[in-house]
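Taking it in order: structure first as structure tokens, then the write-up.
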There are 2 protein chains.
Amino acid sequence: MKIESLGRHILAEFYNCNQEIINDHNLIERYLIDAAKKANATVVESCFHMFNPWGVSGVVVIQESHLTIHTWPELGYASVDLYTCGDEVNPWIAFEYLKEKLQAEKTETIEVPRGMVDKIKRFTKEEYTDVKYKVGI
Amino acid sequence: MKIESLGRHILAEFYNCNQEIINDHNLIERYLIDAAKKANATVVESCFHMFNPWGVSGVVVIQESHLTIHTWPELGYASVDLYTCGDEVNPWIAFEYLKEKLQAEKTETIEVPRGMVDKIKRFTKEEYTDVKYKVGI
């Protein structure tokens, strides 16, 4: 069977990462942008912040949704979201790339479909015939 | 029982929203920033984009993680993420506020703990005694 949805969202927990890498705000921004590009996403904008005394928070807005990261260098932990729309982008490529670059020894993931087409049809009063992700910015 | 985690993440599906509202990029940005403030979060930065021919994508980076939204006005659908850390912020207040402002007739949510403390301890080689969300920017 196939379930149609507008997007897919991977919630990833990265444990025992390289603590220096996940405290380097420039490096993390570069890795997230590279991850988006490798997944075949189109980067629209990125916003990254260094926290005091530790940690990086950042978002890459892509044409096909977003990638985010929040890191706790003192715990070796990073929380990563990879949310993409459409068939042209593969968030798992971004996941594998980041896992390698952050040197995460252990990862866990949940994948959640977002915008399930049957539910959109079920829960609205409109009659939709063409429910899909449309490329364009 | 209590499960300790660094953060909590609500994945929300908003169906049958007001189509004009979810196509108004200035309004959506204002609502997301207001939602963050009402939830007692500290806004660090926001990035919003209008898509062609329809739709808004946006992120509010907060000191305590992030809020994001992606809208499909032509389907009345919005995909919302509310990810907060620490005990001082309540993402459900942001959820209720946005549900009202977007005039969503039907919503569905999943709440996922992020950075579960027992797992961070289990999956690392370090001995951590003090694993919690630390305020500071």
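Placement of Cβ uses the backbone N, Cα and C atoms for every residue, glycine included.
Feature annotation from TrEMBL assigns active site, schiff-base intermediate with substrate to B:Ser65. The annotation active site, proton acceptor is assigned in TrEMBL to B:His70. Summarising the annotation, TrEMBL assigns active site, proton donor to B:Cys85. As annotated by TrEMBL, pyruvic acid (Ser) applies to B:Ser65.
In this structure, the C-alpha atom of the residue listed as 'active site, schiff-base intermediate with substrate' lies 6 angstrom from that of B:Cys85 (active site, proton donor). Long-range C-beta contacts of B:His70 (active site, proton acceptor), restricted to its own chain and to partners at least six residues apart, with a cutoff below 8 Å, comprise B:Gly55, B:Val56, B:Ser57, B:Ala78, B:Ser79.
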